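If you check TrEMBL, you get these features:
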| type | residues | note |
| --- | --- | --- |
| TRANSMEM | B:37-57 | transmembrane segment |
| TRANSMEM | B:90-113 | transmembrane segment |
| DOMAIN | B:94-304 | domain 'ABC transmembrane type-1' |
| TRANSMEM | B:134-155 | transmembrane segment |
| TRANSMEM | B:161-184 | transmembrane segment |
| TRANSMEM | B:217-238 | transmembrane segment |
| TRANSMEM | B:285-308 | transmembrane segment |
Amino acid sequence: MLKQYSFEETAVQTFDDKTSLAMRTEDMQVFYGSNHAMFDANLAFPKNQITALIGASGSGKSTYLRSLNRMNDGIATVTGKIWYHGVNINEPGVNIYEIRRHIGMVFQRPNPFAKSIRENIVYALRANGIKKKAELEERIEQSLKGAALWDEVKDNLDKSALSLSGGQQQRLCIARSIAMAPDVLLLDEPCSALDPISTVKVEETLLELQKKYSIIIVTHNMQQASRISSQCAFFHLGHIMEYAPTGTMFSNPQIPVTQDYIAGSFG
Amino acid sequence: MEQTNSQLKNQDTQSHEWDTRLHHATKATHEDWIGRGISYFCIGIIILVVASMLWFITSKGIATFTQNHVSLWKFLSGTNWAPDQGKIGALPMILGSFAVTFAAAIVATPFALGTAIFMTEISPNRGRKFLQPVIELLVGIPSVVYGFIGLAVVVPFMRHLVGGSGFGIISATFVLFVMVLPTITSMTVDSLRAVPRFYKEASLALGATRWQTVSRVILRSATSGILTAIIFGMARAFGEALAVQMVIGNAAIMPKNLISPASTLTSQLTTGIGDTIDGTLPNNALWSLALILLLMSLFFNALVRFIAKRGQLKHER
Ligand SMILES: Nc1ncnc2c1ncn2[C@@H]1O[C@H](COP(=O)(O)OP(=O)(O)OP(=O)(O)O)[C@@H](O)[C@H]1O
Ligand SMILES: [Mg+2]
């Protein structure tokens, strides 16, 4: 028996003018055809912090995340505003390739191309117009170091990416994204296909990366959210119910639905 | 002790009862046997038919060399085909077959790729609703219809355009192009659809354009499927007899240009097979042509398998 919660009772924090934001959504709605999957999403993401999106399966976390870099184009209708550097990027005239260059994305399932490790990163760079050999080499090294993969693969850059372990593949995907020097990194359950040790490695990588990037991560793992994130948003049936600093969220949730979810007595 | 013993005994009798229950045949096991029997029988028949066909064509095909003592080299490199005068140089037909096959494949491939990309990446909805049925229809049209259209439309058109009779390699190429296009297209579509969606998403998320994604990720990872499609198209072109025979002119002479009558292995076979007497050189020579066709189709098959294996390796590595 699923418990009914009021969607009116929400506790979503906002930030004052002193906090610099990486990006922000305003009254964002998402429709898959006639299926209304995201309602009035108002979230703001502080710069150089990790924000975790949590919630039950089907609550709309991926839907929300994929809208942020316009990956829902052609799949869903997204209305409302998405603010990034003062520009509403949810408008027809906006260059989506440029957006995705600045707002990188890593998926749940590690998805390197069936090419060598080097080629995987070069692909991203070439797609964005970087062709000079020296710069390519430098970016390859930097991004692999950034993703904490360099030491493991530096002697085998021409090996197929598919020969790496799942955790290594996921870090390669992170490297591929940060090679383009984005400033926001979106990750959709990046550790759900990984073993605990690889998970720790990816988490350490993310904690290191937040110094340079703003990170938004979807996770099913509450421990992971509390280990790495500064802010945490709770999604329920397409509504954002609560958004607060992670510590507050886990120790002192404000509304019944979040309390139940965190206590594990949901529904 | 007493108790354990009696318990054990009890278990023993029970397991005996279960033993019979689990071993006796039921309706399900009988059905199993019957099913297996039927499928072995069918497979046996098919193997028998294929093996005897291979043996038949091979033994007849090599009679030219073993009984009529024509040298294999002369057969392959001779340019003069007049079996009733004892001259059996098959090179004109071999060249004709390869010429129309390669030409048709080369012309058809870009069109097939373009159509397939349109159907899968640019307009999947219209592709599925409109183009898919059209292509399936085109695959199913009998070759005599293609040949007939070639004869009624292409040949006169070529005659007007470049003069001469209008029969020749270029007309055959055009007809084969239309015939292999749907084959190559539909197989290419299948292989493009089989490219995992996450490759495409990965590429788009990196800021690559749709064109970059198609050309560098999707086509690349579908390469072995596309090559297989092209080879299937070539195999179809190589083996097509009727439609080609209707438009190529059937002159067993070295093709001097693309617009004069020529012939292929298949067209020569269909033209000549009725006029020869079993066991004579002219008849054996035709069987030798058939043997070349057989070997070529084996070769195409082997090539497809080879490509499939390499493609697999690439993805597993
Ligand atoms: N491509 C799609 N087409 C149609 N409906 C979709 C699509 N993707 C998601 N949905 C719908 O949107 C709703 C939210 O799905 P979403 O994938 O965003 O949930 P999620 O929170 O990411 O779940 P999970 O934790 O299982 O990944 C669901 O009801 C789902 O059925
Ligand atoms: Mg999801």
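Note that Cβ sites are derived from N, Cα and C of the backbone, with glycine treated the same way.
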Is the transmembrane segment (B:90-113) in contact with the transmembrane segment (B:134-155), using three or more Cβ pairs under 8 angstroms as the rule and ignoring pairs under 6 apart in sequence?
no
Note: vs the transmembrane segment (B:37-57), the recorded stretch with the largest number of Cβ pairs under 8 Å from B:90-113, B:161-184, B:217-238, B:285-308 is B:285-308
Cβ contacts the transmembrane segment (B:285-308)/the transmembrane segment (B:161-184), at least three under 8 Å, sequence gap 6 or more
no
